[in-house]
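Beneath this line is the structure, given in structure tokens, with notes to follow.
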Amino acid sequence: MASGLGVVGQSVLNAYGLLRAIYTNQGASANLSSAPAEGTSNPDAITYIWNGARYPAFSQGSVYSNILTLIQLTRSAYYSFNASNIAQSGALSSQVGLQTFLNPIQALEINIQPTTQGTRVLYNTITLVMPIIQQFLFMLALNGISGEFELFSKLRPSTNGLLRLGLSISYTLIGSLCIAGYIWAFKESWDVNGNQFALTWIVMWLYMHINFLLVDILTTWVPMQFMPFCILTWVVMNAASAISPFKLNPGFYRWGYALPGHEVYQVLVKIWSHGCGNQLHIALPVLFSWWFAAIALVIVAVHTRCRKASAAEKAETATEPSEEDQRQTDSAEADSARRSSAVELVPQRTRTIESIRLEREAYGPSYPPPIVRGQPAR
């Protein structure tokens, strides 16, 4: 395909900001003028090139339809300037000449990567949304397991970090394989191969792992009551950045170039369309910047969780009464016991509340909830 595109076609293939190209073929005007008079068929006057894999739903509805409209307007302009002269010349006596007159402007379509399967509308929408939601739900389960075994207070921060890193890599590898698998399962007649499947898997894994790290960071410092707003905002931002090309949007939305969702979709389009629209010089630095920055912040987040879990354990230990205090309480009279309880209850309850707060911050948000695990509510 690439070798037969010509100079203009190669420009569309290599240009990352070009959605389509339309141009007149060499000698098109001369052929169009002589065809009716000579009674010959008119060769293709116009060639238009576009990439069906890039924003497929948007391209079909806007780009492709506008190309057809432009071709129709060209035919109308031809009739306006030439119809009367051709009719007077008697060039319409032959069937071929009449057919050429009725369809003067013929166009040749070159679709670099036809993408007509029904699931194409999901590639820049649900495919970018589900990985974020998956990482949030997995984080709830991971924090719940960590709270069940009190990992942050029993293991060192480095051990906790390596454990969570291993689990996150394993889970995101499986999740990204499922995403790539559903794309290939419903590809129908789409012209993609095994190498593109492997590259799709790798790119989706990187996107999933970035989101896992970001969710881990958010759940460390953002209270649970604000987490739905953070996750929903992040989902909408990434999906909106890839829903339509920035070239056709107001300049304000160009900040979406900094979002991982947009850059992941650009890399996927390059993979699926055999190198067309290469944006790797933008996408890869953005993605790896997110990844390395998130890894650095996750290290701080794990240390923060371990520190809070240790503080919660110390606060809980401080609330346990000594044996001497217990004997004195048992031997005291009822009124003395009530007065002693009134004095000791306030600091003990304060320490207990502090322990619960620190434990909730260390292991929250989590699933199953603390009350289901048989622990005090955190």
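Glycine too: its Cβ is placed from the backbone N, Cα and C atoms.
Those TrEMBL annotations? Automatic predictions, nothing curated.
Positions annotated as domain 'DUF3533' by TrEMBL: 21-293. TrEMBL lists 121-142, 162-185, 197-214, 282-302 with the feature transmembrane segment. The region 'Disordered' annotation in TrEMBL covers 311-348. Residues or ranges marked as compositional bias 'Basic and acidic residues' by TrEMBL: 324-338.
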Short question: which residues 6 or more past the ends of the transmembrane segment (121-142) have a Cβ under 8 Å from it? 55-57, 164, 167, 171-172, 175-176, 179, 183, 204, 207-208, 211-212, 214-216, 219, 227, 231, 234-235, 238-239, 242-243, 261, 264-265, 268, 365-367
PLDDT averaged over the residues of the domain 'DUF3533' (21-293): 87
